[in-house]
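Below is one structure, written out as structure tokens; the observations come after it.
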Amino acid sequence: MDIFNRSEYISYDFQWTSLTFPNITVLVGPFYLLPTFYIVGKMAKIFYETGRMSSISIQKHLFLAFLLMQIANFSYILTDFLVLRIPATGILTSICAQTEPNQLLKIPYLVAFISSYLSMLFPVIFCANRAIIVFFPKNHDEICTRFMKISLPATVILPCCFTFFMVPAVGHCTQLTAPYPMGAVMFTLDLKVPINEYTHLITSFLCTLFTFTINVTMLIKVRHILFYKKSLNRNVNKNYKAELSLTITMISLFVPFLINGIIAVLSLRNPSLIGYILSIRPIAIDTATVFEPWAFYLTHPMFGKYKRKTTVSSSPIAMVVSSSIISR
């Protein structure tokens, strides 16, 4: 329901003292998002520093894809705050009710969907780079370089193509359905057909199918490699830790895909449930987004509190860094 020029929304009085779940979501978010921003920034610093050191062998394409994936996830969360979480508190309700639908109001919604598509596509690039390293251990750097030159521009262009139909539409504020209270609104567009839901659902399905298929294939391949090395009595402990870290990260990738798919399906089949899904979506999306970098940072040997005596390794399992790690 569009709230423009409705007297009950124009006179709506926002109160921070009312601890509704939209207010709690906004207040609690920074406590876990800011430390995660710091961790990703720390990993980016390590990526930059090790990239300048010729003595360290680092899978730069995989690491870069991981960092871009985190940036896309953070962008998605930040735009979600602008489109849904902050307006849902009621702090903008009176202003929105007095503002006529216009092109400016659509910008947060448009940027949010572009960020959503980026958060789905960059995990595909991450998985693809990992697959290239596993299946082409001898010339993976050359293949990854060519792949990144094509995939990165395509990943930026595709979301713009998927959202081009939003350009003529105007943005407005609408009242959220139950369980959101009266005065909880969000930015949206005045679209006549649900083309956005279909596009989003198809993209989410294809990205999920690709990542699932390629991860199952890689799991079989990696298990074979580890079993072969173990049969030769080689030390696979370090490689196993690196592989475990990336596997945990891969599993966490499916949560955003699942949530996006459920939202898209329900918006088409039973719109009355959207309010309930939107109310729990921040928790699910934030949990997955925060879990990915923390799991990678805490479990991967590259980020351990060790001194590194660097050597070059050709193992396809030690995918992020090839170094012998000496404990302090």
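Quick reminder: no glycine exception, Cβ is built from N, Cα and C everywhere.
Per TrEMBL, transmembrane segment is recorded for 20-41, 62-84, 109-136, 156-178, 198-222, 243-267, 273-299.
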| query | What stretch in 20-41, 62-84, 156-178, 198-222, 273-299 has the biggest tally of Cβ pairs under 8 Å against the transmembrane segment (109-136)? | reply | 62-84
| said: Restricting to CB pairs under 8 Å, which listed stretch, 20-41, 62-84, 198-222, 273-299, is in contact most with the transmembrane segment (156-178)? | reply: 273-299
| field | Intrachain residues whose Cβ lies under 8 Å of the transmembrane segment (198-222), provided they are six or more past its termini | value | 113, 116-117, 120-121, 123-124, 127-128, 130-131, 134-135, 162, 243, 247, 250, 253-254, 257-258, 260-261, 264-265, 268, 317
| said: Are there residues at least six beyond either end of the transmembrane segment (273-299) with Cβ under 8 Å to its Cβ atoms? List them, or say none. | reply: 21, 25, 29, 32-33, 36, 39-40, 42-43, 66, 69-70, 73-74, 76-77, 80, 84-85, 176-180, 186, 241, 244-246, 248-249, 252-253, 255-256, 259, 262-263, 266-267
